[in-house]
Amino acid sequence: MAGAQSSQGYGHPYIPEDLSLPGFVPGFLSMSTIVGVYGGSSLLVVSLVWIISGRAAKLAKLDRLLMCWWVFTGLTHMILEGYFVFSPQFYQKTTPHYLAEVWKEYSKGDSRYVGRDSGVIAVEGITAVLEGPACLLVTYAIAKRKSYSHILQIAISLGQLYGTAVYFITSFLEGDNFATNSFYYYAYYIFANSFWVWIPTLIVIRSWSKICAAFTAQEQKNSKAKKR
């Protein structure tokens, strides 16, 4: 469960209280500002993808929604998570920097980020470098109706599910006590990450069904051709 409130004597708001963060600089932006900017920019990106996909060749609404998801998650992986991986001193920023502020804030729900936990860095690094660009590739594949679309969607979704599982399991094995309080635990650690559990799961089920249906149809076609 989430840890108790941090005292102010250690110069930072994270758990454990004795976490060593030399040069730590408190955040400049409020939670509402950070979440608002992220939500607003995400909504803008999703809206643009939805509008553009509607003007392309006729695509089903579900495919258009999937394109919105893949662009959103791909940019999140590359920009947000990429910044975390390649900016180890983000918590020392002495001037407002939005991406640094995001991770200072999110670390209230999981201090392994600000503490530079090696397992978290490894998972986020793979996600940012490999899965991020792959998400944009699958968006193109859906738009162009490429034959590899569903295979790629399954591969990326399984990667996301695996990364999320490792993320939660390692936290559990280490005591699951990295949140400043229960609000941040449930809002950031649980709720924010839940989207990368149920959405990839639904995508895997759908793409698996599509692939199986295609093979079944091809086998039936071959069977009819042999009978002629």
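In case you wondered, yes, glycine gets a Cβ from its N, Cα and C as well.
Just so you know, TrEMBL annotations never went through curation; they're auto-generated.
Summarising the annotation, TrEMBL assigns transmembrane segment to 28-53 (among others).
The domain 'EXPERA' annotation in TrEMBL covers 62-204.
Under the heading transmembrane segment, TrEMBL lists 65-86 (among others).
Within its own chain, the transmembrane segment (120-142) is flanked in space by residues 49, 59, 63, 66-67, 70-71, 73-75, 77-78, 81-82, 84-85, 110, 112-113, 148-149, 152-153, 155-156, 159-160, 163, 166-167, 170, which lie at least six positions past its ends and keep a Cβ under 8 Å from the stretch. Positions annotated as transmembrane segment by TrEMBL: 120-142 (among others).
Annotation comment: TrEMBL describes 154-173 (among others) as transmembrane segment. Among residues of the same chain six or more beyond the transmembrane segment (154-173), those with a C-beta under 8 A of the stretch's C-beta atoms are 73, 110, 112, 119-120, 123, 126-127, 130-131, 134-135, 138, 189, 193, 196-197, 200-201, 203-204, 207-208, 211.
Sequence-distant contacts of the transmembrane segment (185-205) (same chain, six or more residues past either end, CB-CB distance under 8 Å): 1-2, 66, 69, 73, 106, 108-110, 153-154, 156-158, 160-161, 163-164, 167-168, 171, 178-179. If you look up TrEMBL, you'll see 185-205 (among others) marked as transmembrane segment.
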